[in-house]
Amino acid sequence: MTTVTEAVTPPARPSKGRGRRASSSRTSLRTAVGRHWYAWAMVTPVVVVLAILVLYPMVQAIWLSLTNTTEANQAEQICQLSLGGGQVCTPNPNHAHFVGLDNYVKLLTGQIGRFWSQFGITLIWTFACVIFHYTIGLGLAMLLNRPLRGRSVYRIVLILPWAVPAFVSAFAWKFIFDRDAGLINKLLGSTNDWFDSTPKALTAVIIVNVWLGVPFMMVAILGGLQSIPAELYEAASIDGATAWQRFTNVTLPGLRSVSATIILLGTIWTFNMFPIIYIVSRGGPAGGTEILVTGAFKEAFEGIRNYSIAATYGVLILSVLIAYSVGYRYFLRKQGEVW
Amino acid sequence: MRRALGSVAAASALALALAACGGSDTPTAQSTPTTQAVDPATVKADLTWWDTSDATNEAPEFKKLIAQFNKTYPNVHVNYQSVPFGEAQNKFKNAAKAKSGAPDILRADVGWVSEFASLGYLYNLDDTELVKDQQDFLPVPLASTKFNGKTYGVPQVTDSLALMYNKKLLQQAGVQPPKTWDEMVTASATIKQKTGKDGTFLNPAGYYLLPFIYGEGGDLVDAQQKKIVVNAPEAVAGSKKAAELVKKPGFTKPPATDAYNAMMTAFKSGKVAMIVNGPWELNNIKSADGFGGLDNLGLTTVPAGTKKSGSPVGGHDYVVWSGMPREKAAAAIAFIKFMTSADTEAQVANDIGLLPPRASAYAKVTNPVIAEFKPMMDSGVGRAWIPEAGQLFAPMDEAATKIMVQGVDAQTALDGVAKTYKSEVVPDYAGG
Amino acid sequence: MSQAVRGQKVHKRPIGKSLALHAALIVASFIAVFPILWILLSSFKPKQWIQSDEITLVKEPTLANYSNLLGNTDFLRWFWNSTIIAAFTMIIGIAMAASAGYAISRFNFPGKRPLMWTFLVTQMFPVAILIVPIYSIMASLELINTPTSLVIAYCTVAVPFCTWMLKGYFDTIPAEIDEAGRVDGLGPFGTFWRLILPLARPGLAVTAFYTFLTAWGEVAYASAFLNTNDQFTLAYGLQTFVPRPPALPLWDLLTPAAVLITIPAGIVFFFAQKHLVAGLTAGGTKS
């Protein structure tokens with residue numbers, strides 16, 4: 001066993017010879033630029049695009065969450081233009097102003113919205129989806145990684161759920177779950193209403209999202225399996241490892257880097273996954289399957305848009321996910337993975 | 001199609017008469033409307049129009065109307081864009097706020113007008129030709145174009161909920177269309193007994209709860225008195241009635257989501273005899289296989305509660321984006337004037353069955369279904385046309401599911417709605 | 001147990017095991033396709049039979065829906081727009097992600113750790129909430145209603161993930177290869193382009209497919225930035241077939257459109273998946 005584990009470690013370790021030297025000494029800015037310009041040049045395009053389109057609006061949103069800005073009180077003055085000519089501008093009497101942490105207090109104490117119950121639903125939704133995505137995706141990727149007759153046909157068929165635009169399949173699933181005309185009830189011969197209680201509705205939307213998300217995990221893991229050198233498996237076999245031992249000692253460690261990425265990002269994406277719940281259950285019954293992001297949308301984006309409350313939801317979601325990521329990283333570090 | 005030709009002639013005559021409206025087409029169109037006639041051919045502009053109507057059923061009709069308009073105004077190019085109804089509101093607000101990408105003219109839901117106007121996104125139309133014959137519009141659709149006493153839109157189409165029934169099924173059961181909710185209970189039970197089909201399918205949604213609430217003289221908010229009345233005794237009594245009805249024999253138990261589609265599917269396939277819905281479904285009912293066409297469709301006012309029969313009024317208005325350059329004003333006015341003329345509205349009513357908001361249009365309508373809808377428009381109840389109107393329905397939809405599907409007590413559910421209204425929608429209103 | 005050694009060399013598998021393998025895959029495939037199968041079958045049915053409460057496999061099959069879709073809507077125009085946008089997103093996104101991923105994998109430059117975190121954080125704030133400020137930014141760049149706006153936006157969605165993924169793949173490529181490149185007189189860019197990229201093919205295939213699909217099926221940004229029918233992407237154009245959300249979608253247009261939109265995605269995957277096996281042998285020979 002020990003031989004196997006040791007054999008695994010080297011390829012998963014990137015060499016950082018060049019980099020280590022660079023960081024070991026404190027250098028002036030000029031030498032830093034001289035030494036790192038190519039690395040910086042390689043990341044600059046991404047950084048610029050992300051900074052303009054995501055980071056800047058995000059910082060704006062963090063500021064908005066400390067004010068009482070809505071669509072109605074945002075402008076300093078409201079101008080009423082007349083098509084026949086003429087224009088009347090009046091100062092906005094309740095122009096938005098700084099309110100400190102009021103929005104956070106309102107949301108967290110339940111004066112506005114239902115933060116905590118939506119948070120609970122979000123957790124169930126996220127973890128259920130990610131666990132099924134990953135385990136099913138891993139299983140299928142392992143099956144498809146073997147030499148096998150018709151492998152590329154299976155592969156293409158299995159990625160189809162990813163290839164259909166999500167909102168179309170969401171409508172199709174909604175129809176499948178329909179009480180009166182749905183396929184599931186027809187097959188079961190029942191008149192069960194899938195959406196009249198929260199547990200059932202939540203199960204239904206999770207099934208839809210698992211169906212949608214497995215192909216992505218499967219493809220990513222398939223790519224990861226390819227980077228595990230075959231020699232490791234051979235060495236393991238020679239050592240007399242069982243299939244299960246090979247899986248836990250060669251496959252899983254070899255997939256660690258890919259798995260860490262897709263689980264982390266999968267969690268983040270699922271946490272904020274909007275369209276499925278919005279289309280399939282519409283958050284029903286009576287708000288029972290509302291997750292934070294759909295709740296925020298309903299709360300703040302219907303009618304006069306409440307930018308500050310929306311931003312507050314956003315910042316709270318961001319904080320939860322940062323906390324999760326920090327914990328996740330800590331966990332990975334304990335396992336020996338560094339990033 | 002025969003009618004269409006007639007309308008063109010009428011429209012041209014009208015257009016000539018109204019060409020006076022736009023003042024001049026020079027860039028400095030600051031003048032108030034003059035009475036001096038302007039040659040329509042001198043009105044030149046590119047107008048973008050976002051239409052939110054159904055892209056397959058209704059859009060061809062509006063494209064046809066643009067072509068008719070261009071016979072009089074050959075130099076006004078109308079750039080027709082079909083925008084999904086569900087997205088138009090947010091799209092328009094994003095674009096208007098960024099002052100980029102918004103259309104010159106928008107077909108806005110009646111519930112959006114006051115909201116857009118309050119945000120300064122719309123031109124006020126009070127100084128234009130467009131407000132001249134306002135008294136011809138039905139009062140409720142007209143009210144939807146007003147905000148703070150000023151006019152921001154011109155009604156395009158109106159609608160209201162009605163009781164729709166399957167004539168054959170009612171005949172088989174030997175019952176008359178019910179006039180009150182209580183009659184609906186007995187009628188539905190009889191239909192179930194005699195035909196085996198369900199009597200009524202009620203949609204558990206906020207908007208569809210309104211006829212029950214109006215029937216008892218209630219409402220969601222009282223905009224005049226600035227009061228939240230959604231949990232007042234009238235509204236509660238109405239909602240209790242709805243909850244009571246869905247449990248009676250002969251009423252379909254509504255599903256928790258997508259009840260609307262379930263209702264329409266059941267009605268169109270003849271599995272349920274009565275529903276409450278609006279004229280926008282007429283085309284679908286007409287083409288449904290196995291329903292029997294419009295000949296089998298009965299229409300009457302929604303059943304009354306203890307006070308009256310009342311149903312909410314919907315529809316769409318034309319509005320003009322305040323970011324549109326003023327030099328396009330003449331063209332925009334001419335276009336809206338044409339699109340909302342009695343002849344155009346009558347033509348639309350005949351061709352695709354939309355209800356005209358103009359009283360005088362009804363005299364020109366030959367489509368019999370439209371004539372049947374007219375009395376229902378007269379019993380239509382105006383909603384509170386306040387900027388916050390768009391936020392009133394999300395909490396009501398949840399309450400409707402609770403009351404009509406989950407069996408939660410109406411008072412409890414509506415108290416929750418009132419609390420949301422008070423904390424998030426209309427904080428300066430009393431009650432809640 | 002030891003006879004079924006994993007890897008690309010074909011080993012004999014007992015028949016029972018083979019059957020079980022195929023059975024598992026067939027069940028999975030069935031679950032994967034059956035909603036799509038419903039869409040496919042429905043696309044051949046006349047309008048009134050698509051959503052009726054009577055369930056039929058085939059009923060009066062017809063191609064009318066397809067001819068209606070292709071003849072009476074802007075479908076082909078949308079198809080072209082989507083193809084352009086997806087192709088550019090794929091090329092630009094992969095270029096950005098691969099270079100950034102390589103830099104992060106190989107060089108220990110100042111700002112590396114914060115950069116990795118930035119990528120993560122950009123994925124955390126719900127886009128639904130940010131759409132208004134993003135619209136304003138696009139408007140001030142005068143990009144509203146252009147394909148460029150979408151290519152840029154999709155890159156912000158796809159690149160962080162792809163960078164993370166590719167960094168992982170690059171990590172598995174032995175550093176000796178870089179050293180060898182340096183000895184041969186290649187600069188950092190040369191090493192990256194000539195030696196590393198070819199070895200990272202499975203990773204590139206996965207991320208390329210991912211960026212393609214991100215652009216191909218996305219709706220939220222498209223619905224925010226596009227205003228005129230001639231600029232619509234496929235996925236957003238399909239939304240016009242769901243005119244009023246409480247009411248039914250126009251299944252007679254939506255189903256054939258969904259079928260046609262799936263085909264290119266399948267083709268792209270078909271080519272991508274060929275590379276899913278190729279990378280290892282190259283990497284294997286070097287180590």
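Using N, Cα and C of the backbone, Cβ positions are placed for all residues, glycine too.
Unlike curated entries, TrEMBL annotations are predicted automatically.
Since the structure is predicted, the reported quantities are computational estimates derived from the model, not experimental observations.
Now, the feature entries from TrEMBL:
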- A:119-328: domain 'ABC transmembrane type-1' (DOMAIN)
- A:1-27: region 'Disordered' (REGION)
- A:37-59: transmembrane segment (TRANSMEM)
- A:123-144: transmembrane segment (TRANSMEM)
- A:156-176: transmembrane segment (TRANSMEM)
- A:201-225: transmembrane segment (TRANSMEM)
- A:262-280: transmembrane segment (TRANSMEM)
- A:307-326: transmembrane segment (TRANSMEM)
Chain residues in Cβ proximity to the transmembrane segment (A:201-225) (below 8 Å; excluding those fewer than six residues from its ends, i.e. six or more beyond): 121, 124-125, 128-129, 132-134, 136-138, 140-142, 144-145, 155, 158-163, 166, 169-170, 173, 177, 194-195, 251, 254-255, 257-259, 261-262, 266, 270, 273, 276-277, 280-281, 284-285, 288-289
Positions on the same chain near the transmembrane segment (A:262-280), where near means CB under 8 A and six or more residues out: 122, 125-126, 129-130, 133-134, 166-167, 170-171, 173-174, 177, 204-205, 208-209, 212-213, 216-217, 220-221, 289-294, 297, 317, 320-321, 324-325, 328
Same-chain residues near the transmembrane segment (A:156-176), Cβ under 8 Å, at least 6 residues beyond its ends: 140, 144, 182-184, 207-208, 211-212, 214-216, 218-219, 275-276, 279-280
Residue numbers, six or more beyond the limits of the transmembrane segment (A:123-144), whose CB comes under 8 Å of its CB atoms: 151, 154-155, 158, 202, 205-206, 209-210, 213-222, 224-225, 247, 251, 255, 259, 262-263, 266-267, 270-271, 273, 277, 289, 291
Chain residues outside the transmembrane segment (A:37-59) and at least six past its termini with a C-beta under 8 angstroms from it: 314, 318
